Amino acid sequence: MSITSRMDLPEEIQHPYAKFSEWKFKLFKVRPFQKEPSDKSQCINKDQEQEVASTDKNITLHKDEEVPRGEKLILTQKDFMGNTQALEKDVNDMKIQDNTAHQNNLKQLCRICGVSFKTDCYKRTHPVHGPVDDETLWLLRKKEKKATSWPDLIAKVFKIDVRGDVDTIHPTRFCHNCWSIIHRKFSNTPCEVYFPRNSTMEWQPHSANCEVCHTPSRGVKRKSQPPNVQHGKRVKIIAERARVNRGIKNQVIKNKNVMKEITNCKNRHLSTKLLAVDYPADFIKSISCQICEHILADPVETTCRHLFCRTCILSCIRVMGCYCPSCWYPCFPTDLVTPVKSFLNILDSLSIRCPVPECDEEILHGKYGQHFSNHKEMKDKELYNPINKGGRPRQHLLSLTRRAQKHRLRELKRQVKAFAEKEEGGDIKAVCMTLFLLALRAKNEHKQADELEAIMQGRGSGLHPAVCLAIRINTFLSCSQYHKMYRTVKAVTGRQIFQPLHALRTAEKALLPGYHPFEWKPPLKNVSTNTEVGIIDGLSGLPLSIDDYPIDTIAKRFRYDTALVSALKDMEEEILEGMKAKNLDDYLNGPFTVVVKECCDGMGDVSEKHGSGPAVPEKAVRFSFTVMNIAIDHENERIRIFEEVKPNSELCCKPLCLMLADESDHETLTAILSPLIAEREAMKNSELLLEIGGILRTFKFIFRGTGYDEKLVREVEGLEASGSTYICTLCDATRLEASQNLVFHSITRSHAENLERYEIWRSNPYHESVDELRDRVKGVSAKPFIETVPSIDALHCDIGNATEFYRIFQMEIGEVYKNPDATKEERKRWQLTLDKHLRKKMKLKPMMRMSGNFARKLMSKETVEAVCELIKCEERHEALKELMDLYLKMKPVWRSSCPAKECPELLCQYSYNSQRFAELLSTKFKYRYEGKITNYFHKTLAHVPEIIERDGSIGAWASEGNESGNKLFRRFRKMNARQSKFYEMEDVLKHHWLYTSKYLQKFMNAHKTLRSQGFAIDPDDGLGDSLPPEISLESNDSVEL
């Protein structure tokens, strides 16, 4: 019980010896040992004291009233308890009022600097929590800063964490002056702001001595001084000013001395007294540090344009706060910049006297470090006298053999090893390289020091390994050729510009399939869960027995799922940039839908004159895929975040399987591609879990087999060959029906229907004859094993139609419309006449087999004009020109990647043009198309609009990229020639995969851009003109060394 409460008790219930202590100390004049009531106990104001006094009066009973002792005690206790509770309630109410008043006072103070808002005449304040205002948000976006809330900015600028603030302790707003400081931090334009404190404001909970509540009322009265009548008013003012100025000057001198003690750089920096020339005082002040008054060493400039030594200003900022020591303008370490180069040149050209005793040499300030290090070396040499026990003169360390160097440095090596084990965990290499780096810096050999530092940090002084790998791949260098170039460049320049082969192999591992972990949900059926699978044999997993068909082939492939994973990881940046471009959050995990175009094509003769191994067919088949687009399902909408810009480029057509086999060999083709197709079918019903951008994301795949020519479509879909009566792979029309009805057909065939028809063909459930059964199944004669999309391959359509026009030209020259019964010799003569004329007029060289380039040049108005010179009839001229004109209007519709954007008018006119084209064929060229029509003419006239309406394009889904890949295959095979064809195929597959890597393409494009802009390696430092002329990175051919 407190003293106050004990004194307030009535006499009946007070302690019997309560008065004794007071009587005792009065008697002996001894001061009582009771503590004085604290400030908290004195917080009760006068109103409370009056209330307490009144309650005391009510509690005390009059002596005249007679009450029994027991009743008197009970009554006194009840009244005392009731009044005590009332007193406590009043105290609590007062505490609540005090806290409310405290919070109201806090609302008038700045959270950061503690200044009252009343000092600002505009009463401008800003909330501590919540998003920033529009002006600040615009500034942050302009400076590309990520922070968008006040707590982040306050923590960054003032190093104050306001996230844990309590409203009863901390103010909730800050002043406009602090707001200006934040703006100045993120803008380059200086503004006059002043931060009134050197340290952050510390806020305490409310108490009796609360500074927030009592500061305004606690004023210090000025001592009243009698007026001095002896002096006049002016004399008094002058004296006061002199006293103030003297105080300020003394304070400035004191501050400078404190700052000099903080920096303590007199042993490191050069004094201005060492200047060899008697420069003007103002000039000396401009080249000296404002803190230590020495010559500027590693000078830096503040925002307020004062100059300091870097170490001096950083030391002062660390101790005294973020202000300029000269003008106390806010200054942060990040604001320090190097002065202009012309000023540095002036500083380096100053002549100074060497401070070393017995050395009066005058040297330039810029070369003082090297001069001083020479003194230090001489001093060290004087202290160290090498022991030479006679014999031949002592040789320099670098001229010794490696064994002799080890012997001489044996003691030093032992000491370095002991230091490394004691201090650096045994890392001797790091200690030695750091010693070497410091030695280079001390000798001002900064160029070599930068190269060594780059090597220590893993960057290397030359090109990045990925750049070297991109150069090797894009210049078609084999490993041995690259290694020869690497050794030649290193020997000629003396530097390691290119990286060694082992660094390139490390870089390419991350780009090849089988490197990145992934998972399928549910797991793929009949596919291993092992993700570290690289190049595998195309025949692996194929059960063979003695009775099986013998397979004479060499096949190498990637597993389909690992190849897709590697392709997606290679496109990681494109995926994230696409999400950013569509304003999607980068943490969305999908599901992503990936649309894949599949291509397969056979190559002709790929024979080589070298290599050992089994006698395999000298024909090849390539299976490849292209990631066409990636979309994400977000808010019930499918948003496309990636779309291949050049879907027919060989740079995006990734190889999946290479085999030396004939595409006409159905058994071999089925044996090799069946495992691959099984993986494809398994992936259709599963989802891929792959980490993209550090977040696990979900991918689904849609496979579209569109990059097949007609021959291969018929092979894999089980249809009869191209000369069949059933001429179309999209509909069931026969050749006669197609010639009679040239335009009006629709797509009816599908992979599922072909499988059903094969079962009918195999089982013949209706016991029909061969002709009846063939008519029922519409030309299906084998089991389909690859699902293709019923479509037109634009490239082969172009080639097929050009071949047909080539024949029409010959027939028009021979006037077959008059004489249909021409002999074979006459037809051969027409062809020779046409070839000779095209060579002369169009520079078209005759070809045994028409290529895409020949078809493009042939199908032009100029060619028709040239051919018409060989035709006599003007009417035939008009018919032929109109036919070519209609074809050239129809061609862009199926050749363009997006006809709705690239040629919308021709797309609208396609139906009319195709009908007019069909009318010309059936009238003017009836001699050729009566009762028959070519396969591609039928597809061109009948199915193009329907396919475009379904897919949006025909050209984008063509096999042109795969055809370009065929050319690359031949080139890679010549380049990677090895003794074994097995390893040769692996090299070709690996090299071709890396050639299609978007990651390497970015490096190569950046490298070419730098070279084209003139940022090539300096001749004195790198390649330049010192390279032999036969080594050129711009060459497209293999380098012969």
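All residue numbers here begin at 1 and follow the chain in the order shown.
Using the three backbone atoms N, Cα and C, a Cβ is placed for every residue, glycine included.
Quantities reported herein were computed from a predicted structural model and do not represent experimental measurements.
Sequence annotations record features per position, and here Swiss-Prot assigns DNA-binding region to 390-457 based on sequence analysis. Mean model confidence for the DNA-binding region (390-457) is a pLDDT of 84.
Look at Swiss-Prot and you will find CYS265, HIS269, CYS292, HIS294 tagged as Zn(2+) 1 binding site. Spatially close to CYS292 (Zn(2+) 1 binding site) yet at least six residues away along the chain are MET259, LYS260, THR263, CYS265, LYS266, HIS269, CYS309, CYS312, judged by Cβ distances under 8 angstroms.
Mapped onto three states, the DSSP output places CYS292 (Zn(2+) 1 binding site) in coil. Per Swiss-Prot, Zn(2+) 2 binding site is recorded for CYS289, CYS292, CYS309, CYS312, and the stated evidence type is similarity to another entry.
In the three-state DSSP assignment, the secondary structure recorded for CYS304 (Zn(2+) 3 binding site) is coil. Summarising the annotation, Swiss-Prot assigns Zn(2+) 3 binding site to CYS304, HIS306, CYS324, CYS327 and lists similarity to another entry as the type of evidence.
Per Swiss-Prot, the feature zinc finger maps to 289-328 (among others).
The zinc finger annotation in Swiss-Prot covers 350-379 (among others) and rests on sequence analysis.
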Inter-residue C-alpha distance, HIS306 (Zn(2+) 3 binding site) and HIS294 (Zn(2+) 1 binding site) (nearest angstrom): 14
Most Cβ neighbours inside 10 Å, all chains, among the binding-site residues CYS289, CYS327: CYS289
For the Zn(2+) 1 site built from CYS265, HIS269, CYS292, HIS294, further residues of that chain with CB within 8 A of the site's CB center: THR263, LYS266, ARG268, LEU270, SER271, CYS289, ILE291, GLU293, ILE295, ALA297, CYS309, CYS312
Cβ-based neighbourhood (8 Å from the centroid) of the Zn(2+) 3 site, residues CYS304, HIS306, CYS324, CYS327 excluded: THR302, THR303, ARG305, PRO325, SER326, TRP328, TYR329, CYS331
Those binding-site residues listed as CYS304, CYS324, and which of them has the most Cβ atoms within 10 Å of its own Cβ: CYS324
Cα-Cα distance linking CYS289 (Zn(2+) 2 binding site) and CYS327 (Zn(2+) 3 binding site), given in Å to the nearest integer: 14
Length of the line joining the Cα atoms of HIS294 (Zn(2+) 1 binding site) and CYS324 (Zn(2+) 3 binding site), in Å: 17
Tally of residues which DSSP labels helix, strand or coil - the DNA-binding region (390-457): 50 helix, 0 strand, 18 coil
Fewest Cβ neighbours within 10 Å, where candidates are the binding-site residues CYS265, CYS309, CYS312: CYS265
DSSP-assigned states of the zinc finger (350-379) in counts, ordered helix, strand, coil: 15 helix, 6 strand, 9 coil
